[in-house]
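Have a look at the structure below, then the notes.
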Amino acid sequence: MIDTLTIVRPDDWHLHLRDGDALADVVGDTARQFGRAIIMPNLKPPVTTTAQARAYRERILAALPAGTRFEPLMTLYLTDNTTPEEVRAARASGFVHGVKLYPAGATTNSDAGVTDLRRCAKTLEAMQDVGMPLLVHGEVTDPTVDIFDREAVFIDTVMQPLRRDFPALKVVFEHITTKHAAEYVRDAQGPVGATITAHHLLYNRNALFVGGIRPHYYCLPVLKRETHRLALVAAATSGHPRFFLGTDSAPHAKGLKEHACGCAGCYTALHAMELYAEAFEDANALDKLEGFASLHGPDFYGLPRNAGTLTLTRSQWQLPAEVPFGEQMLVPLRGGEMLRWKTV
């Protein structure tokens, strides 16, 4: 039995940090474990320009705890009006590392998202030309499509035409949740990668309904059936370089989760690597954690691997039931429960 595991310092390739006082309360949780993180742009208003990304980056750096070494990797929010010129400016900035596709209405703060990807053809061509990755929330928003099928339908109706029209465009299929997506990414031609969250590795959709509605397990894309969870575990632990860590840690105030119409998102930044270690240990694949968490992501993005290390030890500890979040409180996934790994 392994009791201590030291890996190259990991990165988080999909993270929500919010802004203002809330940002200040959560950014330290990520910086404590990760060297870098891809920062999602779905603020209100969204981060749609390089200038806005620069300003947000400066706010993140200012909010870091003293002595912290952490690099926020910024992204732009793709809209119907994003121009090729903005893409080229973003690429030249050195701090914008992706452009995020949110189908309009697909998730939190996505109302400004793309209504028809065909309107973005010139922008996507510019991204392909300059090597700017497209980060995709892979769900359709057609109300006639069952919520559990939205990812599979997205592959057929959006992803496949996108890859056909822009075969050299680097695409990250974010927070995949289905066997279909895992197989698509594994077998795709050209530069395609995928992030996988800890909660989608650990839980299936039953977790939403144990003893009643469990709002802190509600996220988008929603948890799927066990067949899909097992396929995600197989992908994450396979050692395949197209799969890498992205927490999709998404903090919402307790009152907005425990609500008649609660927000989607699980807060896992506080204990992300502990959760991933648990998932990989359950699959007898702790030896594959370093590749997934620390190596595959920077290799895909064309960035250097981190120089430092992170150590996890087998240690029972109780996760706080809730933590400060601006003027309110935030409930982490599994808040108040015991964990069996701890970062040191």
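Start at 1 and count along the chain as shown; that gives each residue its number.
Placement of Cβ uses the backbone N, Cα and C atoms for every residue, glycine included.
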- Note on the structure: Among K100, K170, K179, the candidate listed by Swiss-Prot alongside H14, H16, D248 for Zn(2+) 1 is K100
- Site-mate of H16, L17, R18, H137, L220, H252, A264 for substrate in Swiss-Prot, selected among N42, N81, N306: N42
- State the count of C-beta atoms found within 10 angstroms of the C-beta of H175 (Zn(2+) 2 binding site), not counting that atom itself. 27
- Under 8 Å Cβ-Cβ from H16 (Zn(2+) 1 binding site), six or more apart in the same chain: what's there? I39, M40, N42, D248, S249, A250, P251, G265
- Task: By Cβ count within 10 Å, point out the most packed of the binding-site residues listed: L17, L220, A264.
- Result: L17
- Query: In whole Å, how far is H175 (Zn(2+) 2 binding site) from A264 (substrate binding site) when you measure between their Cα atoms?
  - Reply: 13
- Under 8 Å Cβ-Cβ from K100 (Zn(2+) 1 binding site), six or more apart in the same chain: what's there? M40, P41, N42, T75, L76, Y77, L78, L135, V136, H137
